[in-house]
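Asker: Dumping what Swiss-Prot says about this protein:
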type    : residues                                                                                       : note
REGION  : 1-401                                                                                          : region 'Carboxyphosphate synthetic domain'
BINDING : Arg129, Arg169, Gly175, Gly176, Lys208, Ile210, Glu215, Gly241, Ile242, His243, Gln284, Glu298 : ATP 1 binding site
DOMAIN  : 133-327                                                                                        : domain 'ATP-grasp 1'
BINDING : Gln284, Glu298                                                                                 : Mg(2+) 1 binding site
BINDING : Gln284, Glu298                                                                                 : Mn(2+) 1 binding site
BINDING : Glu298, Asn300                                                                                 : Mn(2+) 2 binding site
BINDING : Glu298, Asn300                                                                                 : Mg(2+) 2 binding site
REGION  : 402-546                                                                                        : region 'Oligomerization domain'
REGION  : 547-929                                                                                        : region 'Carbamoyl phosphate synthetic domain'
DOMAIN  : 671-861                                                                                        : domain 'ATP-grasp 2'
BINDING : Arg707, Arg746, Leu748, Glu752, Gly777, Val778, His779, Ser780, Gln820, Glu832                 : ATP 2 binding site
BINDING : Gln820, Glu832                                                                                 : Mn(2+) 3 binding site
BINDING : Gln820, Glu832                                                                                 : Mg(2+) 3 binding site
BINDING : Glu832, Asn834                                                                                 : Mg(2+) 4 binding site
BINDING : Glu832, Asn834                                                                                 : Mn(2+) 4 binding site
REGION  : 930-1057                                                                                       : region 'Allosteric domain'
DOMAIN  : 930-1057                                                                                       : domain 'MGS-like'
Amino acid sequence: MPKRNDIKTILVIGSGPIIIGQAAEFDYAGTQACLALKEEGYRVILVNSNPATIMTDKEIADKVYIEPLTHDFIARIIRKEQPDALLPTLGGQTGLNMAIQLHESGVLQDNNVQLLGTELTSIQQAEDREMFRTLMNDLNVPVPESDIVNTVEQAFKFKEQVGYPLIVRPAFTMGGTGGGICHNDEELHEIVSNGLHYSPATQCLLEKSIAGFKEIEYEVMRDKNDNAIVVCNMENIDPVGIHTGDSIVVAPSQTLSDVEYQMLRDVSLKVIRALGIEGGCNVQLALDPHSFDYYIIEVNPRVSRSSALASKATGYPIAKLAAKIAVGLTLDEMLNPITGTSYAAFEPTLDYVISKIPRFPFDKFEKGERELGTQMKATGEVMAIGRTYEESLLKAIRSLEYGVHHLGLPNGESFDLDYIKERISHQDDERLFFIGEAIRRGTTLEEIHNMTQIDYFFLHKFQNIIDIEHQLKEHQGDLEYLKYAKDYGFSDKTIAHRFNMTEEEVYQLRMENDIKPVYKMVDTCAAEFESSTPYYYGTYETENESIVTDKEKILVLGSGPIRIGQGVEFDYATVHAVWAIQKAGYEAIIVNNNPETVSTDFSISDKLYFEPLTEEDVMNIINLEKPKGVVVQFGGQTAINLADKLAKHGVKILGTSLENLNRAEDRKEFEALLRKINVPQPQGKTATSPEEALANAAEIGYPVVVRPSYVLGGRAMEIVDNDKELENYMTQAVKASPEHPVLVDRYLTGKEIEVDAICDGETVIIPGIMEHIERAGVHSGDSIAVYPPQTLTEDELATLEDYTIKLAKGINIIGLINIQFVIAHDGVYVLEVNPRSSRTVPFLSKITDIPMAQLAMRAIIGEKLTDMGYQEGVQPYAEGVFVKAPVFSFNKLKNVDITLGPEMKSTGEVMGKDTTLEKALFKGLTGSGVEVKDHGTVLMTVSDKDKEEVVKLAQRLNEVGYKILATSGTANKLAEYDIPAEVVGKIGGENDLLTRIQNGDVQIVINTMTKGKEVERDGFQIRRTTVENGIPCLTSLDTANALTNVIESMTFTMRQM
């Protein structure tokens, strides 16, 4: 069937900012889909609010709108552009929910817009828990005993019938938002009321828990002629009860008999046929390990996290083909892009094993609740490919960058066995490592199975890994055992530990005896057809399939899994760098391990190595490919941290040299440089012990900022006000030592400014200067950034330009540099310098049309910026005002304090652009999920040091008609200035403020930190209550001020004569 030619223009909705449950996989899917539709000759219009994506580049669609993903804004775009059709299944849950709202409000009908791909009725049938259950009953497909509730009372009625444990699943949400497992009345009350709040339909499904069953997923495709195939089936190692996004997953499934595999395959295809899915779809099933009983858990009628994983696991481009199916093409008429000879209707076959392990943010949020359940908590994931299950698992573990390299924790031997078993019996993110530790201590597999319900097949594999460890210990230095361990994925580091050697010695031993990996191709067909995809994984076998060309090559290191502080922005820069390398005539090679991203799409680079980003794994590739050099400045801290390790092996680091990278990172050298070029920084000292830190602080004067050297995303950074807090920090937060000193700096309050620049060694160009709304002290990734600066004087701008040029040339940057300044009352100071690509590169590139990562890469290859037509200094400003607003995922993370500070907490970002600052801020805030209302009630409770400042704010909010609630201290202050405020009680008292928040009486909360134990706990409870109830809580008065400006611009002020 040929494609449809009754439609010309297609609107694609992206998935918005990265949050837990909706990460980079949608950038990958959206990019693929837009390109696929353009390839078929359609005009594509894209709307997405996330500037950090490849998808929002002008090359990807014919028209790109970076606007908030809300009904009103998308409706405006539809009215303006008049598209013929809308493709909603590539924007995650956000895209689906938007399509449903636009249909229900009549916008699609009024503008004659058709929905492409899966019919709306099918989407609703899959997403609405009631309709789905009815359909399954008609098909005779078993679903767990369940009930739909719209109130907490109904939930308790159902509990009377089936008892605990119960699983709560809110309708029309993703990543299990608001859901959970309940074991008692208290949990049932809390989780159901939460779930009803987060569900757009105020509807929850309660089901009898089948925790302990095997969780199996099928990724399926269907077209309009009813051709349907299974692209990939996957098995969760963790049984049902842990969200699939938080589970360790293996593909293909390992423990199903052929009968079970075919039974579940038939059910999956039966269900998508009954739903009438056109495109990709993910089916989750639960299988009883002791019988052929199964249940269907849920169906996602769209491209998902699992489909990105399935695409990378098989090489079969699901999103690309789903987009083509949506415009009428069928599976039996589209060629599989990997083989180029077989059709897309052939099911892929794997001759390898892949493991996916989620990446959690608990290294950032040590107090966060680690226990895993049906609500997702991981920010990203890694994938690894091997020829044995053990190999793929161990490669995935060392891709995580937790400092773990193996099946066990770095300090594993220090725990006693009872503690280890206690940790295994709870499902949390470290359980896998504790299982390894328990097996090492001789705990039986039966005991572990009883605690975890993990299949014996996997437990035997873990046992095998531990057995090999013991054999290595008994045969130190034995080459046979070295080879054997390599077959099962052991790293040199682990072998070195057991051999009692250094990692370097094991590496040399391998080189001398020619024990090196070969690289196998991922070809979708287990080598059945000829294939020429440049997509490889390493393994210790005999035949190497990666043919080395004689072209000059440049190797680019990717940024690994998405985590807080290192998001999709670095993948964006990686992809642009690759494009620049190819344009310059070199062969571009990528090494990365994140299955969600555009950079690991095999069609982007000349060669893709899907491997861990460790010294050993990267060196193996370099030894084979012998590139001209390696580029480290686009892969975040992951890549920068590998620079000196690779250089020791004689590898050429392209761009800013290793010694210059160190000059920017090493405190002493950096201070010397600043003195030489005459750029001031806040007074600071280094401390290697708590005593030294106290002496430093006494000299500098409080408040001081303390942090370890060499970190990204402000890990373990704090602002402290006195000796007691400093002592606390030095003893609990960090282990200071001569190798790892702690930096103690004077804390300057003032405007924070961020600048990105590109330098080729002679010329420095500055695409833009951004001003932060929050004053210094809030991490730059969590601040609202504004371009162009709104409140700086000509002198300040000139000084910033001058200092940036001096710094770039002084460090001798080749490529990108990111600098943060603070403007205090007595001038401009430099806060920090990052000699690499930064979080703001995509944002600035989009605004200014200066392809920063590409220019930086061209400079690294040796081209000159002046030859490209750029002049030194700040580039001409783009028209309009642009803001970058942070987006947080606190509703998924319990026990995490949402107060903004020097440690980064946001998972993503949105952009707002318009003609005035207020309009741009309105879009930025709306896009980030803060609903801006022109009237309502604000609750103020601020620390003593902020009481003066809050008066002005209260006055303005009062004038635009906001009602003010305040705690007694704040209310008394307001009364002095005749500002009316209703006094609310402290926690636990009469008219308690938490109850007011829970009852929905409050639209905005303004709360600033007070230090001191009891008060801190109160503040923490207030802030968490706002999160659980979905109310914006501003912990910085600067953000509150900006919000007030926006409210004033939307409304009229009422003042008496």
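Cβ atoms are placed via backbone N, Cα and C, with glycine included.
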Asker: Out of Lys208, Glu215, Gln284, His779, Gln820, which of these binding-site residues is nearest Glu298 (Mg(2+) 1 binding site) by C-alpha distance?
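Answerer: Ranked by Cα distance from Glu298 (Mg(2+) 1 binding site), first place goes to Gln284.
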Asker: From the Cα of Glu832 (Mn(2+) 3 binding site) across to the Cα of Arg707 (ATP 2 binding site), what is the distance in angstrom?
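Answerer: Just about 12 Å between their Cα atoms.
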Asker: If you count the C-beta atoms lying within 10 Å of each candidate's C-beta, which of the binding-site residues Gly175, Gly777 ends up with the smallest number?
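Answerer: Among the binding-site residues Gly175, Gly777, the sparsest Cβ neighbourhood within 10 Å belongs to Gly777.
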Asker: Nearest to Asn300 (Mn(2+) 2 binding site) by Cα distance: which of the binding-site residues Gly175, Gly777, Glu832 is it?
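Answerer: For Asn300 (Mn(2+) 2 binding site), the spatially nearest of the binding-site residues is Gly175.
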Asker: Taking 10 A as the limit, how many CB atoms besides its own sit near the CB of Glu215 (ATP 1 binding site)?
Answerer: 24
Asker: Sorry to bug you, but what's the C-alpha spacing from His779 (ATP 2 binding site) to Glu215 (ATP 1 binding site), rounded to the closest Å?
Answerer: 39
Asker: Suppose you look only at the region 'Carbamoyl phosphate synthetic domain' (547-929); what would the mean pLDDT be?
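Answerer: Summarising the region 'Carbamoyl phosphate synthetic domain' (547-929) by its mean pLDDT gives 93.
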Asker: Just to be sure I understand, if DSSP states are collapsed into helix, strand and coil, how many residues of the region 'Allosteric domain' (930-1057) fall in each?
Answerer: 61 helix, 21 strand, 46 coil
Asker: Let me know the largest Cα to Cα distance in Å among the ATP 1-binding residues Arg129, Arg169, Gly175, Gly176, Lys208, Ile210, Glu215, Gly241, Ile242, His243, Gln284, Glu298, as an integer.
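Answerer: Pairwise Cα check on Arg129, Arg169, Gly175, Gly176, Lys208, Ile210, Glu215, Gly241, Ile242, His243, Gln284, Glu298 gives a maximum of 20 Å.
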Asker: Just name the most isolated of the binding-site residues Arg129, Lys208, Arg707, His779, going by other Cβ atoms within 10 Å of its Cβ.
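Answerer: Among the binding-site residues Arg129, Lys208, Arg707, His779, the sparsest Cβ neighbourhood within 10 Å belongs to Lys208.
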Asker: What is the separation, in Å, between the Cα atoms of Asn834 (Mg(2+) 4 binding site) and Gln820 (ATP 2 binding site)?
Answerer: 9
Asker: Quick one: pull the CA-CA distance for His779 (ATP 2 binding site) versus Glu832 (Mn(2+) 3 binding site), whole Å only.
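Answerer: Per the Cα atoms, His779 (ATP 2 binding site) and Glu832 (Mn(2+) 3 binding site) stand 12 Å apart.
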Asker: If you compare CA-to-CA distances from Glu832 (Mn(2+) 3 binding site) to each of the binding-site residues Gly175, Ile242, Leu748, which comes out shortest?
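Answerer: Result: the closest of the binding-site residues to Glu832 (Mn(2+) 3 binding site) is Leu748.
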Asker: For the ATP 2 binding residues given in the record (Arg707, Arg746, Leu748, Glu752, Gly777, Val778, His779, Ser780, Gln820, Glu832), what is the largest pairwise C-alpha separation in angstrom?
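Answerer: Largest Cα to Cα distance for the ATP 2-binding set is 18 Å.
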Asker: Given the binding-site residues Arg129, Gly175, Lys208, Ile242, Gln284, which one's Cα is the least distant from that of Gly777 (ATP 2 binding site)?
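Answerer: Its closest listed neighbour, by Cα, is Gly175.
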Asker: Do you know which of the binding-site residues Gln284, Asn300, Gln820, Asn834 has the most other C-beta atoms within 10 angstroms of its C-beta?
Answerer: Asn300
Asker: Look up Arg129 (ATP 1 binding site) in the DSSP assignment and reduce it to helix, strand or coil.
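Answerer: Arg129 (ATP 1 binding site) sits in a helix per DSSP.
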Asker: Whole-number answer please: how many Å between the C-alpha atoms of Leu748 (ATP 2 binding site) and Lys208 (ATP 1 binding site)?
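Answerer: Here the two Cα atoms lie 56 Å apart.
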Asker: Can you break down the region 'Oligomerization domain' (402-546) into helix, strand and coil residue counts using DSSP?
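Answerer: Each residue of the region 'Oligomerization domain' (402-546) counted once, the result is 76 helix, 11 strand, 58 coil.
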